[in-house]
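To keep things clear, I will list the structure first and then write my remarks on it.
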Amino acid sequence: MGSLTESTTETNTRPYGLRLIERATKTTLTFRAYQATVLLITFFAYASYHAARKTTSIVKSTLDPQSSLSLGLLPWPRPNFLRQAQNQTLNSGWAPFDGSDGTSMLGQIDVAFLAVYSLGMYFAGHLGDRLDLRKFLTAGMVGTGIFTALFGLGYWSNIHSFYYYLGAQMLAGLFQSTGWPSVVAVVGKWFGKGKRGLIMGIWNAHTSVGNILGSLIASAMLNYGWGWSFVVPGLLIMAFGVVVFLFLPVSPELVGIDNEEEEKEESKEQNAKGIEEPLLGRTAEEKEKEKAVGFMEALKIPGVVPYALCLFFSKLVAYTFLYWLPFYISHTAIEGEYLSDSTAGNLSTLFDVGGVVGGILAGHISDRLDARAITAASFMYCAIPALFFYRIYGSVSLYVNAALMVVAGVFVNGPYALITTAVSADLGTHVSLGGNSRALATVTAIIDGTGSVGAALGPLLTGYISTKGWNGVFTMLMGSALVAGLLLTRLVVAEVAAKMRGQRGSRSLSTEVAVAEEV
């Protein structure tokens, strides 16, 4: 039992909101209560990041009506309802995006956002392992909200400068890069490796929830002026930033509570090694004084580079669907008819539904098998026929298109979700670090930052390749899925070899026990 001074110090490190709750209820939160709090707050925090990020794709058709209705390029006759939609919006828009090069300008803004986001991720991870993650995440959310809202303020300020909107999106991308390394690092500190894949697979649904929430808010606010489509999500993420500051417990050590997950894992390791007497673990003070791991040191952790490169190609496929799927659906005849933009957008959400299922399934399977690489590679290989069948048979009927889209979402987003969550957390606490957890944000940033480069490249290449036909786009996506799987070959072989050694060891132990019983 610690002294009064030690107890007071530990209590003062707890977030203000949690201290008020404990004083009001006159109870002390349990470890499970802290875990639930972490999952809930980080879920909605990152969902608000995606809600703010999604607004641009929704407002594009208002800023440049011709960007979503480029029907003059189509070789087939236009249906009457699409002709009417084009006539209604042809003369509207917002300068400078309403000109002939408006689509190109919006594309440049997208690429600039993703480029700054991916570059900022490396620095964000480096800083996240050295600063208070609660304050760091709060600053990122507030900054994201400010620059998202500033983009929308151009509506009321009557701003028509391309560089104003470009600058606002680039700075929003810079602050957005603080989100992912921070939330993964916090969740990784509270949950052990045993069920991390399943828990993070479910938790990773925040991406889809944020996309859907952002779409609904941005679409609803368009009725009052496109500026509100940016200001409301901006205010939303700032509000959640305040919640993070008041209530998010960063780690068990900082709030002065025993890490039950870590103790269970240490106990299992000791039992596996035949250690009967308890080992003296590191104190909370010692854990907090751990030295943050550098960028190059994090790169040397076994598995970081292969997973980062795999995510490059995996995210290339996922983000191509994110940015281009509604456009592809609206410009592809299904049962001989073309869907409206709104219907295509609603239908495309099924890909996110498949992604949620895929993330949970990949996490659960990898936990049961204790094989992250085998699971991720298998999903990537299965994504190849899923993409092929969606391209070939997606036009047969609306129901076939929907079913194949869900299947594609399962296999495309499954490994993407697994690598960015459970794998990143595993590698950030790798045994080679000797128990040091101060590499979580850096490792997450390296892996997801590299993946974000692919996320920027995929939609950009699609814009060029699609002008020559969608078969070329799907060939690129299937090739990327194949390369992503192949990049994990070495890790897959290592996991298979470890499984075989484990089975041989189990058989040998069983034989020894049987002989001993006979004797």
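Just so it is clear, glycine is given a Cβ too, placed from its N, Cα and C backbone atoms.
Please treat TrEMBL annotations as automatic predictions, because they have not gone through curation.
As recorded in TrEMBL:
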- 40-497: domain 'Major facilitator superfamily (MFS) profile' (DOMAIN)
- 29-49: transmembrane segment (TRANSMEM)
- 105-124: transmembrane segment (TRANSMEM)
- 136-156: transmembrane segment (TRANSMEM)
- 162-186: transmembrane segment (TRANSMEM)
- 198-222: transmembrane segment (TRANSMEM)
- 228-248: transmembrane segment (TRANSMEM)
- 304-324: transmembrane segment (TRANSMEM)
- 344-362: transmembrane segment (TRANSMEM)
- 374-393: transmembrane segment (TRANSMEM)
- 399-419: transmembrane segment (TRANSMEM)
- 439-461: transmembrane segment (TRANSMEM)
- 473-498: transmembrane segment (TRANSMEM)
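Count of Cβ pairs under 8 Å against the transmembrane segment (105-124): among 198-222, 304-324, 439-461, 473-498, the largest is for 439-461. As a quick check, the transmembrane segment (344-362) and the transmembrane segment (198-222) clear the bar of 3 or more Cβ pairs under 8 A, pairs 6 or more apart, so the two touch.
Beyond the ends of the transmembrane segment (228-248), by six or more residues, the same chain brings 15-18, 37-38, 41-42, 44-45, 48-49, 51-52, 54-55, 58-59, 134-135, 137-142, 144-149, 151-153, 155, 186, 214, 217-219, 221-222 to within a C-beta distance below 8 angstroms of the stretch.
Here the transmembrane segment (374-393) does not lie next to the transmembrane segment (136-156) in space: the count of CB pairs under 8 Å, restricted to residues six or more apart, is fewer than 3. Put simply, of 136-156, 304-324, 399-419, the stretch with the most CB pairs closer than 8 A to the transmembrane segment (439-461) is 304-324. Averaged across the domain 'Major facilitator superfamily (MFS) profile' (40-497), the predicted model reaches a pLDDT of 81.
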